[in-house]
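Novice: Per Swiss-Prot, GTP binding site is recorded for 167-174, 192-196, 215-218, 282-285, 311-313. Positions annotated as Mg(2+) binding site by Swiss-Prot, on the basis of sequence analysis: Ser174, Thr194. Marked as domain 'Obg' by Swiss-Prot on the basis of sequence analysis: 2-160. Among the features that Swiss-Prot reports, domain 'OBG-type G' is placed at 161-330, with the record citing sequence analysis.
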Amino acid sequence: MSGFIDEVPIQIRAGHGGAGSVHFHKEKFVEFGGPDGGDGGKGGDVIFLAEGRMMTLENYLPDRMYAAQDGEPGLGQNRNGKNGEDLILKVPVGTQIIDSVTMELIYDFNHDGESFTIATGGRGGKGNTFFKTSVQQAPRYSQPGEEGGAFSLILELKLLADIGIVGLPNAGKSTLLAKITHAHPKIAGYAFTTLSPNLGVVHRHEDLFRYTVADIPGIIEGASRGVGLGISFLKHIERVQGILFLFDGGNLQLEEELEMLRSELGNYNQTLLDKKFLLVINKMDIWDNDPSFTEEIQKKYSHLGEIICISADKEFNLEYLLERIDKVFFTEKVKLVYENT
């Protein structure tokens, strides 16, 4: 996911309404034609549209003004000016629009195709025809167009994932994501390979049920203070239903690592600690996927939560992991799938 941008300040302005026309009817042999100035066109609106295929805000330049088209001025012969074209700004699903002055949330996009008109174009001004009365037969004035709405905004993207994979660098998060979703994150044998979130879709039960999984960049101790890559990427799992804590089975310090990870999550947002979770120990192929060793680990650390041992690279025990994800996080949804088939 190159060029991943999840926050950008922008300016937006709806179109100015066109001015009304001051014009009089002109016709051969008619000395005093009456007013026939048309109205100005309405300014274009600024509309945000959620696009399911977008994954980043990289198309937006910081502090740039994004303006809809102004309405055109009115014309003679009672012809109204053309309305300005609306400006459609596409954003990823999960984008929040925030007022940069008050920092209030204006809108939160949760569905593909969802739209929101953030600023309405100004009304066009009335032409002098509108002002003709029995007393004032030839008004020589018209109305200016109104200004369109304008805002200073912050666009903030929070990916809409159902499950978040959290762990230390090099725990195998990207490999696990690739194996269970067929996503294509960058994978290598060194820390901080993942520099931005990756998202994939798991297809279950003959594709009758799907859910999204986010692979979050590695977290290290002190991340909440900006160490390593920091924890700003945790915004992308604020809305998940569950968390997979992933550990390196070749260098296992489960209790200490879990305590550190949960501490960093809590420092970012305490509500993350209330989410359901599974403890997943990866790279068990180092131990030849030994059942007795797996049993020993599960017994030793059972007080911490449910433990599942896998090898993402060798695809060992992945189906069981997916079954447990179904059961722990999506029981009701899976039940509905079978009730409706």
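Each Cβ is built from the backbone N, Cα and C atoms, and glycine gets one as well.
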Novice: So if I measure Cβ to Cβ from Lys283 (GTP binding site) and keep only same-chain residues at least 6 apart in sequence, which ones fall under 8 Å?
Specialist: Gly172, Asp248, Gly249, Gly250, Ser311, Ala312, Asp313
Novice: Would you count the other CB atoms within 10 A of the CB of Asn170 (GTP binding site), including those on all shown protein chains?
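Specialist: Around Asn170 (GTP binding site), other Cβ atoms within 10 Å: 19.
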Novice: For Ser311 (GTP binding site), what is the secondary structure by DSSP, using just helix, strand and coil?
Specialist: strand
Novice: Let me know how many other Cβ atoms fall within 10 Å of the Cβ of Gly167 (GTP binding site).
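Specialist: I get 24 for this one.
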Novice: Tell me, how many other CB atoms lie within 10 A of the CB of Ser174 (Mg(2+) binding site), whichever protein chain they belong to?
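Specialist: There are 24 such Cβ atoms around Ser174 (Mg(2+) binding site).
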